[in-house]
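Notes follow the structure.
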Amino acid sequence: MKCMSIKAEEISALIKKQIENYQSEIEVSDVGTVIQVGDGIARAHGLDNVMSGELVEFANGVMGLALNLEENNVGIVILGPYTGIKEGDEVRRTGRIMEVPVGEALIGRVVNPLGQPVDGLGPIETTETRPIESPAPGVMDRKSVHEPLQTGIKAIDALVPIGRGQRELIIGDRQTGKTSVAVDTIINQKGKNMICIYVAIGQKESTVRNVVETLRKYGALDYTIVVTASASQPAPLLFLAPYAGVTMGEYFMYKGQHVLVVYDDLSKQAAAYRELSLLLRRPPGREAYPGDVFYLHSRLLERAAKLSDAKGAGSLTALPFVETQAGDISAYIPTNVISITDGQIFLQSDLFFSGVRPAINAGLSVSRVGGAAQIKAMKKVSGTLRLDLAAYRELEAFAQFGSDLDKATQAKLARGARTVEVLKQGLHEPLPVEKQVAIIYALTRGFLDDIPVEDIRRFEKEFHAWLDKDENGQKLMEHIRTTGDLPNEEDFNKAIEAFKKTFVVSE
């Protein structure tokens with residue numbers, strides 16, 4: 001029987017080959033241990049090299065955001081359900097900062113602040129992401145606001161106009177029509193090459209559903225993204241929602257497009273941030289808000305801009321909402337946001353309940369930029385309208401005490417009452433700017449002075465219908481639409497006189 005001989009050289013060659021082919025894959029990760037969890041906040045030991053604002057991952061796959069870097073532990077806000085996280089769990093660094101998906105695929109969808117769809121219409125196919133915290137455009141990258149953003153609401157376009165790239169605060173008590181103003185503005189952007197983003201912060205889910213259905217009904221969802229962090233969601237998501245919305249908008253702005261972002265509302269974001277800060281044991285300041293609550297809103301609203309031509313001439317317009325308590329606009333968050341924005345529209349509950357809708361207080365509302373963006377025709381017809389209306393409100397209060405008023409005062413009161421009627425507008429009935437100009441022209445040139453106040457709304461409706469049918473009326477409207485300026489005033493006056501002859505005053 002032959003004995004098999006084993007050569008030492010062969011064995012050593014084989015071992016050598018195995019050693020050469022051996023690959024050791026060592027994965028180094030920075031891992032910490034959860035030492036405390038509750039109320040959407042976790043504290044972790046370890047994670048020595050974690051950065052402020054970095055994403056971390058818990059053992060059950062839930063993500064968190066490192067906000068507090070302390071001597072012995074890290075304060076983490078949990079971006080999701082925290083019930084599955086317990087003391088002793090592992091938490092690891094990801095090396096990434098918070099990002100959201102961006103792109104055309106988001107248009108027409110309802111997403112949460114992490115960019116995940118919540119409308120049941122399947123996954124969203126996006127290829128790009130952007131960090132939610134990014135620097136605002138610099139001084140030299142901006143341009144003065146000069147293009148109008150037509151809201152379709154007479155009281156806003158005439159009294160407190162908004163330009164593309166502006167930040168206009170909408171402030172008022174609850175139930176004064178703030179959301180309606182935003183929804184009507186979004187509906188009016190149809191066909192104007194505008195992307196709209198509606199950010200619902202701490203709203204009831206039924207309210208968000210109603211807004212989405214309204215936008216769908218008027219065909220506005222075709223150019224709108226809805227970002228929602230409802231009242232039932234954890235505070236971190238409410239805090240992040242506005243940043244997610246503006247990040248999605250910036251993608252389009254830097255591509256040279258025009259974007260409108262509505263934040264409904266920032267009071268709830270500030271309250272969510274206060275909750276997080278107190279749970280993280282940061283020192284409280286005025287009204288228990290943390291010291292950096294101003295920076296919370298300023299870094300968000302500074303990202304709204306009109307970009308220079310060199311940067312693509314895109315724009316991002318912000319309409320932040322702030323809810324007041326009993327009309328107190330001198331509270332902490334309202335004064336903060338007023339100082340950051342380029343003007344405010346103050347909606348007053350007294351006006352709302354007396355039937356003046358939209359309930360805009362002309363005296364306290366102002367636009368610090370938009371006048372430069374008004375079309376020439378609107379600027380000519382609405383020049384002193386805001387001041388006249390504010391003066392009328394003062395006279396109205398004074399007139400209740402005086403019985404014998406001089407003729408000039410009576411004329412002012414009569415014109416003021418008609419102005420209030422003209423500026424009233426139904427829900428979801430935005431008007432094209434040329435029709436707004438037509439009725440305000442008729443008002444300011446005295447054509448409505450002999451029409452009874454109760455007939456003004458009907459006069460306006462029939463006048464607009466007449467302008468659509470009449471050949472001369474169509475030409476006048478086309479002139480305003482194409483040139484942005486008033487047509488020949490004599491022709492305009494003749495057209496209004498011609499319509500007035502056909503209008504029947506009610507008995």
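Note that Cβ sites are derived from N, Cα and C of the backbone, with glycine treated the same way.
Over in Swiss-Prot, the protein carries these features:
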- 118-141: region 'Disordered' (REGION)
- GLY172, ASP173, ARG174, GLN175, THR176, GLY177, LYS178, THR179: ATP binding site (BINDING)
- SER365: site 'Required for activity' (SITE)
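Spatially close to GLN175 (ATP binding site) yet at least six residues away along the chain are SER349, PHE352, judged by Cβ distances under 8 angstroms. In the shown protein chains, 26 other C-beta atoms lie within 10 A of the C-beta of THR176 (ATP binding site). Here the CA atom of SER365 (site 'Required for activity') lies 17 Å from the CA atom of THR179 (ATP binding site). Note: the Cα of LYS178 (ATP binding site) and the Cα of SER365 (site 'Required for activity') are spaced 14 Å from each other. Using the Cβ center of GLY172, ASP173, ARG174, GLN175, THR176, GLY177, LYS178, THR179 for ATP, the list of other same-chain residues with Cβ within 8 Å runs, in sequence order, GLU323, LEU347, SER349, PHE352. Secondary structure at THR179 (ATP binding site), as computed by DSSP, is helix.
Within 10 Å of its Cβ, the residue among the binding-site residues GLY172, GLY177 with the fewest other Cβ atoms is GLY177.
Here SER365 (site 'Required for activity') is positioned 15 angstrom away from GLY177 (ATP binding site), judged by their C-alpha atoms.
In the three-state DSSP scheme, SER365 (site 'Required for activity') falls into the coil class.
Reduced to three states, the DSSP call for GLY172 (ATP binding site) is strand. Taking CA atoms as the reference points, ARG174 (ATP binding site) and SER365 (site 'Required for activity') are 17 Å apart. Each residue contributes its Cα atom, and for THR176 (ATP binding site) and SER365 (site 'Required for activity') those atoms are 15 Å apart.
Considering other CB atoms within 10 Å as the measure, the emptiest surroundings among the binding-site residues ARG174, LYS178 are those of ARG174.
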